[in-house]
Every structure is written in C-alpha cells, then in structure tokens.
Amino acid sequence: MRAKQMLATMSHEIRSPLSGVVSMAEILATTKLDREQRQLLGVMISSGDLVLQLINDILDLSKVIGDVLRIRQILTNLISNAIKFTHEGKVGVKLYVVPEPPFAKEGSQNGSAGSTANQSTTNVPKEETCTSTSQTSSDQRGFHGKKHEDSCQDRSQSERGTPVTNGTIDVTEEQAELPETTVWIRCDVYDTGIGIPENALPTLFKKYMQVSADHARKYGGTGLGLAICKQLVELMGGRLTVSSQVHCGSTFTFILPYKVSLSCDHSDDDLSDMDDHGATDDDATAGFFQFQPRTLGSLFSSNGSSRTQNLLAHNIGYVNSHKINGFSENCYSFPMSNGQTKEMDLVEDACSVAEALEISPEPESSFSHSPDHDNESAICRDEHHHNVVNAENRVSTRDVSSCSETSREVDVKVKITEPQLAAERQERSDSGFQSTLNSSREASNSISKPKILLVEDNKINVMVTRSMMKQLGHTIDVVNNGVEAVRAIQYHSYDLVLMDVCMPVMDGLQTTRLIRSFEETGNWDEAAKAGIEKPSPSSDSLQPDCTPPKRIPIIAMTANALSESADECSANGMDSFISKPVTFQKLKECLEQYLP
Amino acid sequence: MEVGQMQRRLVDYTKSLFMEGFLDAQFLQLQQLQDESNPDFVVEVVSLFFDDSEKLLNDLTMALDQPSVDFKKVDAHVHQLKGSSSSIGAQRVKNACIAFRSFCEEQNIDATLRCLQQVKQEYYLVKNKLETMLRLEQQIVAAGGSIPMIELGF
C-alpha cells in the first residue's frame, strides 16, 4: 500500500507544476506570436498534454484502488469525451436492460438480454440527463454518460479501425414497475478495429499489459485503460468482458446494477447522482444550469412533488450553515471540531455559498420558492433569538464541510433570465433593498444618518465593503489603520465601527482596547501611551463633558475565524465579528443588530 | 456572432469558472453590487485586484529572493493577497495563499518558494479567465445586448 501511496503522492506532485506549464502555454497561445513561435508552442502543449494524460491515468489507477467514492468524480469527468467519440464514429454503443445475472448472487456472468421473468425493470427516469456540448435526442437518456466513460478508455483499443458508421445509442427497455428495484444494464461497446488475438485475452485486463510488446510503440497507450475499466466496473458491482475477432473488431461488454426508485429521489442511487447539467426541458432555450449541493441531496428534477421536500431539507441544511456566519453575534466560538485551516476555509466557502443563495430575492424559477423561503426565514429568525448550541453548529458544519470537499462539489443553482425579465428582477430586488433602506432609514430618522467607520487596509476590501454599504443606504468613513481610527474617533462621533483585525501600524485588537479605555475613563491616556497624541482642546474635537462617552459598537472583521480568534476579539472589547470575505448579508444583519 | 449566441457563450463560460473552482460565491456578491448607479463595478474591482496582486507578487518574489528571508514580511504580503482574492471570490488563489501562509509559519524556504509558484500560477489563470469573461461581456454590450443576469435559487 505504501508503494501505491507513494505513486499517488508522486503523481500529484508532478501533476501540479506540469499543469502549470501546460496552462501557461495555453495562455501564451492566446497572445500574439509569430509562426515559428506558434509551432514551438504547439509542440510544447501537445507534449505536456500527453504526459499529463499519463500521470492522470496512473493517478486514477491508484485512486480507484479502494476509493469508491472518487469513482463518481472520475466518471463524470469522462462523459463528454466518450460521447464525443461516439459522435466521431469511433465506437458504437448498445445498451440493454437485462435480467439480473447469475453472478450477482454467485456464479459466472451471463449478460444476455432476455425476458423479464422474475426481474422488474423500470424506465430510465427522464431527469438523468448529463451534459453534452452536442446534445442529440439520443443523448438525452439518462445514464449514457456512465456507460461512456468506460468506452472512453476502450476507445484506445479501437481507434485504428474503420469508422463505425452508426455510432448511435440504442436502448431497449422493458417496462414493469415496482417501488424500488435494481435494474441491470448491459452495455456493448463495439468497433471495427484490429481485433484482439485469442492468446492475448487472458492478460488483457491486467495492468500495464498490452497485446504485444511493441504495441505501445505502434499505437501508444499505457496498458492501463482496461485495468482501470475493469476495476471501476467491478467496484460498481458489475462485470466486464470482451469478445473479439482479429481484423474484424472487438466488443467490450459490461453489465452494471442500477438502483431505481419511483419517488424520483435519487439520493441513494449509487450510480446516478452525478451532476445534472443539461437542460431537461426541450423548450429551455435560455439554458438552465443546475449547480447542485451534492452533500445536501440529490438532483432537483423538473417535476415531482418530492422536490418540495428536498427543498425543505436543503433549506434547513443551508440555514444551519448559514447560521454560522450570519449570526456571528451569537456564536463567538466558531464551531469547528478541529483547528485545521483547510477545513475551516471549506466551511467558509460553503457558508458563503449558502449566504449567496440566501441573498437572492424571489426568483423567477419554476420552483415554488416562496413557502420555502418563508419557512427558511422563520427558521432563521427563531435561531437568531436562541443561543445556538455550539455542538449543534458543529454537527451541521461538519456535514457541510466534510462533503463539500472541493469547490466543484459545493454547487449553486443558476438560472438565466431573458433581458426583459432581468429588468423585472432588478426592480424586485430594488424593492427588496428598498424595504431594507426604509427600515434602516426609519430607524435612523430620529437620530439622522448613522455614522459608520470602516477600519481596513486592503484596498479591494474597502471597495467591496463600501459598495455593499452603499447598497444598504449608508456612506462610510474609511481609515487604514488603528492609529487613524483612534484619531477619527477622537474628532468625530460614530455609531458603529467595522474593524479589521490584522492591520499594519496598529492592529484592530489594540485599537479596540484603546477606544474602550477612553469610554471607561473618559480620557485618552492609554492612547497617548501608545503614541497617539491626545486631541487638542479645540472646537474640532469632542469635548469631554460630564456624561461618560457612549460605547460604540465595534465589529471585528476577521479572516481568521477560529474560536481563539473570536474569543480574543471579545476579550479585547469587540462586540461581535464578521468573518471575511464580507458579504452583503453579513453586513445587513450586523447593521440591523447594532445600529439603533 | 449574434447576441443570443454570445450571451449563451458567456453563461457557459462563467458557469465553467464556478465549476472549476476559479471563482466562488463571493464573486456573485460582486456582480450583485453592479447596478445602474454602479455600472462598472466588477471591472473596477477586478482591475484593482489585478494591479494590487501583481505588486504583491513582485514584492513576494523579491522578499523570497533575499539571502536571509524575512518570513514575517512574506506572511504579511500573502495575508494581503489572501484577503483580496477572498474578497473578489478568486477561490484558487485564496486557497494557494492559505497553504502559503502555513509554510511561512514553518519558515520553510523550499516550500514557500513552491507556494509562490503555485500562487502565481493560479493568479495568472484566474486573471486570464476573468479577462476573457469581461471581454465577452463587453462584446455583448457593444452589440447592443445586455448581460444575462445570473440568478440563484434552489
């Protein structure tokens, strides 16, 4: 196992800089080059691609060994390639639904299509489409993609043959429906290539074996393709076999079990919960894309009442993760069970996705969003008023973070509207913002516009935060470090301070301490000790009068949201924190809580 | 190419950036900040990010090139870069910075040099992607179309 581990690590280490070379070369290709340069670059790119392919093969192989969960990712990645090859006429694919083969219980494989005697089969649910840049009607059938990824590997066997003219996909299906059932799908991938001699068949699926010693030299390849296919198929509970005739062609056959249930809830399908990218409606000319949160469940089909239930479940899931950032004022210790930055940032990602989703005003989607939205906000409000238990947060955080391993897996559903609808949406969102503005304006009418100070050194953060505050109806003063912040407070009265924690010259923690010291003592002695001049007793500065200075709410803006940091913020006198990156929603809630 | 086609291309392209992890949801925040009163917000922020980052990367290269490396300084630069990439949703750059910082803490010269390479790589990639995307948007607007709004929903 150590060798495999080393192989995987090595491949990974090699792959990163190598993909750097290839990516940079590709970018270079888009710049202005003369003919010679372009040629040289072309060679660079193709060589790089080849090596990358090789490394990927090796990496896949070591991944496959023992890691069933990765399979879905690999399969998904190979779909469009495989479909492309069918279209190019390199292989033909046939799909059958077959009765449960004997080997499923025990014994040897028998994969013939036949009667449905004791076996129940179900129609492929229409939702199982996978994305394809050139979608034809035959591609619309569900799990074609899954079959094709294996044929993608197979193709290297058949590449050199005659083009297969009818590279279309036939499906024969028998109908009989039962509540939950296992369907056995058989797929034949055939070509009219060079064929495989009988003596090569026994070792065909072994790693690194090719038909002859000089096969690689003549045809390329690594001898890994079939080994990978076989392992994939077997890990999925199926079998892969071959039949071939020299000079005529080969047919690779595999048979796989596929669980289907009538309720359209695919969360327990082991084969089918891939990303559903394609348009499921024929009339979807505007392109409907689905980014799915893989963790929180399954595909959202365009039909089905089960969807509402799914929505609820997912809303709750999101609300949980949403709580963490949105209700930071209640949770000072960030609910991570371990202190690893990586995981925490993944959660932040997930949370920020969750919040981004939260932000959207009523969408024009065909889903019945309103009831769920209300439900969700009801949950939000409830949670807001209770002290959220850390453990509870931890659990939900973990669910989100453990599953959303990569950015790819944290998905967001996206829909495009036509321009005229866009205007409508803008109007609606404006009205949404308008009500926010009204409420905050109402609140501040009696006091006049609240003065807000932003203490932040990063120019981009300033720009983004300022713009968000503008959308919330506030203008802000900006300073770039703690010393300037103290000065500003010496001369002006502020209703709220947003304080970046890490800054040059003087950080947010020390600054807050100094401000609090002023509020407690009524003087700026501490600040003077730190080197900040006391305000001159002129008409410009706030005159210390008999009433103690009002305590200003100070909100930390921290990139480091671990519990120690939150505790530190609170220990230094801060009232709450917002974790970066700052989002509109976080700011909105903060203002609602801390502005009078 | 007619406007509808361009719009579709833009949407596909933008989608792919999210799928491949170049951008995360924070970028959507930026897009939401763009409106009639602020019509070029995204371009402005992104341009600022490019300028800022390039300066930081130069500073980093110089700092790591010193005979005796000041890791505090290096960390400060990476912290800045992490902050800005996080604010605009440049996810892969941000992640590369996170790894970078942990090696700074360890004061590991070799690892930090590798990290710098990684960060640069991710930066140039996302820069290229964003520029392409913004160019597509410009083309659509120039042709009289409007940028298709991307909505979020379940």
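A Cβ is built for glycine as well, from the same backbone N, Cα and C atoms used for every other residue.
According to TrEMBL, the feature domain 'Histidine kinase' maps to A:9-260.
The region 'Disordered' annotation in TrEMBL covers A:105-170 (among others).
The compositional bias 'Polar residues' annotation in TrEMBL covers A:107-124 (among others).
The annotation compositional bias 'Basic and acidic residues' is assigned in TrEMBL to A:147-158.
Residues annotated as compositional bias 'Polar residues' in TrEMBL: A:159-169 (among others).
The region 'Disordered' annotation in TrEMBL covers A:390-409 (among others).
The region 'Disordered' annotation in TrEMBL covers A:417-446 (among others).
The compositional bias 'Polar residues' annotation in TrEMBL covers A:431-446 (among others).
Taken from TrEMBL, the feature domain 'Response regulatory' covers A:451-595. The predicted model assigns the domain 'Response regulatory' (A:451-595) a mean pLDDT of 88.
A:Asp500 (4-aspartylphosphate) has a Cβ environment of 27 other Cβ atoms inside 10 Å. Annotated 4-aspartylphosphate per TrEMBL: A:Asp500, in sequence order.
Secondary structure at A:Asp500 (4-aspartylphosphate), as computed by DSSP, is strand. Mapped onto DSSP classes, the domain 'Response regulatory' (A:451-595) shows 62 helix, 22 strand, 61 coil.
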